[in-house]
């Protein structure tokens, strides 16, 4: 039996880490064997690529180089962790996936969506998440939350206009795949956010 693939998406400061833990706990309470992972990352090599991708540096990072690092990490992650787990019948819960690439590198950086689509097919074929929980929030509120943390990565230091484009990119993805996307208002109190997430997951199950 093939497992199910759940992804959690959103811009900075939406509370992904907290809500990923909530989703994992909810699934385990239903006796579901779930692996929680993240992108970029999830395997030793993919985590090394993540560090390269997020590190602040004096040298400007070319947008195309950024895109290729994302997909290099994804190829390793999919082939070494995600696909084998799904084949064993385990569920995979992933912090970000290809929707983030369309949002950040496509809408945010202005790279060709056609190019991203070609790389997507090369790396993952027809594999798509079964459900995507999109934690959506006003960009300024999200950045205020994110920047309350001391150590910001290269992406978290981008300006508001970048994240407005990213949010619009997520909105476009949700409009293209409404059956897969579940938008959650992440600007609400946490208890309400998690009530909404649980309701969406119960409908999915």
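Note: Cβ is positioned from N, Cα and C throughout, glycine not excepted.
The ATP binding site feature in Swiss-Prot is assigned to 10, 11, 12, 13, 14, 15, 16, 17; the stated evidence is sequence analysis.
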Item to check | Additional residues surrounding ATP, by Cβ distance to the 10, 11, 12, 13, 14, 15, 16, 17 centre under 8 Å | outcome: 135, 137, 142, 145, 146, 186
Checklist entry - In which DSSP state, out of helix, strand and coil, do we find residue 16 (ATP binding site)? => result helix
Checklist entry - Of these binding-site residues, 11, 17, which scores lowest on Cβ atoms within 10 Å? => result 17
Item to check | binding-site residues compared (10, 13, 15) - the one with the fewest other Cβ atoms within 10 Å | outcome: 15
